[in-house]
Amino acid sequence: MDKASYEFLKHLIGVPSPSGYEEEASRLWREWVGKFVDKVYSDVHGNSFGVLKPDLGYRVMLAGHIDEIGYMINYIDDNGFLYFRPIGGFDRHIVPGHRVWIRTRKGKLLGVIGKKPTHLLEKEEREKVLKFENMWIDIGAKDKKEAESLVRVGDIAVPAYGLEELNDKIMVARGFDDRIGAFVVAETLRLLANQKANLKVAVYGVATVQEEIGLRGARTSAYGVNPNVGIAIDVGFASDTPDVDKKVTGEVKLGGGPMISRGANINPKVFDMLVTTAEENNIPYQLVGAPRGTGTDANVIQLTRAGVATGLISIPNRYMHTPVELIHKDDVDNAALLLAKFILKLDESTDFTIT
């Protein structure tokens, strides 16, 4: 992985960006891609765009969502404890006991998620999944007045985990879903910028917003770009851990290569070209069957205007929607390389119409 790109990824992961509150991460993404693209802009929804050769008529859209799951403060009690609701889907089993960063008007504030101690729980309470209203964030405030001087209702929080390495290949962080997708989009743009003379199509890299609450940013950005072909870049479930049933998920390994999805959400000609490109360039890949929708930005890109030829590339991810998601560096690098090689094969005559 390119050293400067890796430092950008670490910085990006460190910025809290739950759905609807992506602006700081989006600014960082635009600043980075602005170093090597021809045009950078954002839209009213908050989507960010980095474009190569914008004057060409044939348009390719790459979409990686920059939002993550998180919490929103919705009530402050008389004792200064903060109650919160989820932004996106959380496993409530693992929520208590974590440090969190709260994004406030005065900067990033540290808190901890508390609950009733296990020693004080009745037997039947121990067997139940904890509800969000039975958890709170403690910022050490002595009362409501002090808490409200620091935090407002509507402020957001995320688990206080940045990017670290388990070894020289495996990275761990919260929010790889899907800042790693937005990162792959940026890396693909960087690779293509170095081969700009060979690029025959316009490339719109998009860091989309609000995916975790309904694929919203991809819907509006795809309408604006109006691409000939659109590829979403997200994370997918790795099945190389205990108790994951491969008969349900398929077989996917960390380090086995990016995942290429196949199914109703995917244009078959786009799928075939992605696979052919990977094989021509000795890029490892893993096939994933998606018999219905994929639950990613690809869902809405495909249905934009009169329809868009759509593909989906996913990065294998262990422990999705936890603060300790695991990603393999080689899968990230190979995803960006595959996308760059795929795009370099396109020109204005490329037709993905199904006949």
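Glycine residues also receive a Cβ, built from the backbone N, Cα and C atoms like all the rest.
Predicted automatically and left uncurated, TrEMBL annotations should be read as such.
Some features that TrEMBL has for this protein:
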- Glu211: active site, proton acceptor (ACT_SITE)
- His65, Asp177, Asp234: Zn(2+) 1 binding site (BINDING)
- Asp177, Glu212, His321: Zn(2+) 2 binding site (BINDING)
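Recorded features from TrEMBL, shown on the structure.
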{"residue": "His65", "record": "Zn(2+) 1 binding site", "DSSP class": "strand"}
{"residue": "Asp177", "record": "Zn(2+) 1 binding site", "DSSP class": "helix"}
{"residue": "Glu211", "record": "active site, proton acceptor", "DSSP class": "helix"}
{"residue": "Asp234", "record": "Zn(2+) 1 binding site", "DSSP class": "strand"}
{"residue": "His321", "record": "Zn(2+) 2 binding site", "DSSP class": "coil"}
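Taking the C-alpha atom of Glu211 (active site, proton acceptor) as reference, the shortest distance to any of the binding-site residues His65, Asp177, Asp234, His321 belongs to His65. Note: the Zn(2+) 2 site is recorded as Asp177, Glu212, His321; in the same chain, Glu68, Ile69, Gly88, Gly89, Gly175, Asp178, Met320 also have Cβ atoms within 8 Å of that site's Cβ centroid.
Cβ neighbour counts within 10 Å, taken over all protein chains shown, single out Glu211 as the most crowded of the recorded positions Glu211, Asp234.
Taking all protein chains in view, 18 other C-beta atoms sit within 10 angstroms of the C-beta of His321 (Zn(2+) 2 binding site). Cβ-based neighbour count (10 Å, all protein chains) for His65 (Zn(2+) 1 binding site) stands at 31. There are 22 other CB atoms within 10 A of the CB of Glu212 (Zn(2+) 2 binding site), with all protein chains counted. The binding-site residues close to Glu212 (Zn(2+) 2 binding site), defined as a CA atom within 10 A of its CA, are His65, Asp177 out of His65, Asp177, Asp234. Sequence-distant neighbours of Asp177 (Zn(2+) 1 binding site) (same chain, 6+ residues apart, CB-CB distance under 8 A): Glu68, Ile69, Asp234, Val235, Asn317, Met320, His321, Glu325. For the Zn(2+) 1 site, the Cβ centre of His65, Asp177, Asp234 serves as reference, and the other residues of the chain with Cβ at most 8 Å from it are Gly64, Asp178, Ile180, Gly181, Glu211, Glu212, Ile233, Val235, Thr296, Asp297.
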